[in-house]
Amino acid sequence: MERAAASPSVGGSCPQKNAEILSSQYGINLFLAGLLLTFAWAVHAVGISKSHLLSYLITLMLIQLLWMLWYLCRSCTQRRLIRDKDTHAGARWLKCGITLFAVITLILDSFKIGYYIDFSNCLSPTEGIFPITHAMHTILQVYFLWCHAKDIIQSFKTLERFGVIHSVFTNLLLWTNGVLTESKHQLNEHKERLITLGFGNVTIVLDDHAPQCNCTTTTLCSIFSQGIYYLYPFNIEYHILASTMLYVLWKNIGRKVEHHQQHKTPFKFHGITVGMIFGLIVLTSTIAIVVVYLIQIGGSRIKSELALTMFYLHAIFVLALMCTAGIVALLIYRLEDRSLDNSKNPARKLDAELLVGTAAGSWLLSWGSILAIICAQAHPKYTWYNLPYSVLVIIEKYIQNLFIIESIHREQEKANDDIKTLRIVTISRGSTLSLTPSYKEIYNGRAAHDPGGVPCLRKGSICGRENSGGAAAKEETSQEKSSVMHSASDCSIYISNLGTNNKRRILKNIAAFLFLCNLSLWIPPAFGCRPEYDNGLEEIVFGFEPWIIVVNLAMPFSIFYRMHSAASLFEVNCKT
């Protein structure tokens, strides 16, 4: 009987589980085919040209455009229906971030169109069609994510699973294409810098995919070609953010949600002045270091060594500060007794997995540098700074991941409900006793209290009550004792709340400081300041080609880690 009763539920969920498995396999195969095509173009495989790769990407984008248009049209016809929403997904600050990256991506597409026009005599038509298609894809996708990132799809679930997973892997392939193109450009610059550092044993063969014809307008061509590579970091972040938001949408298809959604927690600058000031100092100094680094590196051997030394010293100082801040935050968490929220949440689970997964990229590079320093026979002076730098990178990510993951899993503080509804209800001559300070005053730690430290009570309260002799005084003895106990309880709640506010203020400042530090550490590798390329020691120990392959594979994850950490810390600041 029990087996017969259970069979309908099992049978009902089986098709949806199969649809999830089939759609994920479709997406993986889509991605692998594109990945091999990208790799074949990168290594100049016989019979594979850039036009083949772009044609494949254009086809994927057009299919996604058709699916998004169909979904938007269907949503418009059903806009009166009440739909479930996942309030954890598609936060407003995340949508604003992806919109900023999308705007810069549109500028990149316009540069590519201008570049194609100037070299139209020797470029394939697909190189002109691709940026136009990509621009339309970007505009519609951002609109789609703004309107529907929170949706929990309950109709046409099988079809929607394939449409969403197609969009996820299309964005991942566009991200891969951007990473490869930008990496090839960085590699060419890196090979030229090695000569100035005295590594003449490295064979310099530039991997050039430049057009084999003259530009019609030399000045414009130079602006377009140089500008494209400075805009690629934003394009790369745009596609990885879009793919993560779409993945959460895919995981939410058919999901049953509880309807006690958490309240919104807007970002406030109040109380984080110290963290913002120190973070802005780090950000400003980092930008200055990057500018000097890019000017000095490759100029001469002495200038290059000074640039590397300057970079390492600055990074060591910043990473040490971040480690200290993270440890303080974790110690505060150990002093608090707050339970963790273990409810099912696809967005939060993905955040934690991405933090640990992408941190592995920089951990790989750091361990490679540590081994190179240990095993190398000759050690130029500047390479010794690489050892504490690499060790601190490993430790800092370890501590920061612990802090962020615990923060996003902690149950949100309910603003001290005991104080929010704090009223002492006792009867004194037929009146209700209440605390003079309002909840807002107590919560903000600005309650006016008497010299003894006990809040005063209105109407017949202890501090305002006169002794009335006789029978009335005897009748009120028990009520006065009760009021004294309530007042003592109020004092303990008030003091406890002050301590909680101080801890929250410290945590918010730490989160703000780490947020700006992660943005600062995103800038150097994103814009070409990569000592893993330029110090040359790793290439001697591991060999030029193997180490370059490791760097090109690990660096995109390292760059994404910093941006994702900054986004997570922004959420932590809002939540704390």
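Backbone N, Cα and C atoms are what each Cβ position is placed from, and that goes for glycine too.
Noted in TrEMBL for the protein shown:
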TRANSMEM  26-47  transmembrane segment
TRANSMEM  53-72  transmembrane segment
TRANSMEM  93-117  transmembrane segment
TRANSMEM  129-146  transmembrane segment
TRANSMEM  229-250  transmembrane segment
TRANSMEM  271-295  transmembrane segment
TRANSMEM  311-333  transmembrane segment
TRANSMEM  354-379  transmembrane segment
TRANSMEM  510-528  transmembrane segment
TRANSMEM  540-561  transmembrane segment
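Proximity of the transmembrane segment (354-379) to the transmembrane segment (93-117) is not established, fewer than 3 Cβ-Cβ distances being under 8 Å for residue pairs spaced 6 or more apart. Outside the transmembrane segment (510-528) by six or more residues, the chain places 186, 189, 230, 233, 272, 274-276, 278-280, 282-283, 286-287, 289-290, 293-294, 311, 315, 318, 321-322, 325-326, 328-329, 400, 403, 407, 555, 558-559, 562-563, 565-566, 569-570, 572-573, 576 with a CB less than 8 A from a CB of the stretch. As a quick check, the transmembrane segment (129-146) and the transmembrane segment (311-333) miss the bar of 3 or more Cβ pairs under 8 A, pairs 6 or more apart, so the two do not touch. Within its own chain, the transmembrane segment (229-250) has Cβ neighbours under 8 Å at 23, 86, 89-90, 94, 97-98, 100-102, 104-105, 107-108, 111, 138, 141, 145, 148-149, 151, 153, 161, 164-165, 167-169, 171-172, 174-175, 178-179, 181-182, 185, 346-347, 350, 354, 526-527, 556, 559-560, 563, counting only residues six or more beyond its boundaries.
Counting residues 6+ beyond its ends, the transmembrane segment (53-72) has Cβ neighbours under 8 Å at 30, 33-34, 37-38, 41, 124, 126-127, 129-130, 133-134, 136-137, 140-141, 144, 147-148, 160, 163, 166-167, 170, 173-174, 177 in the same chain.
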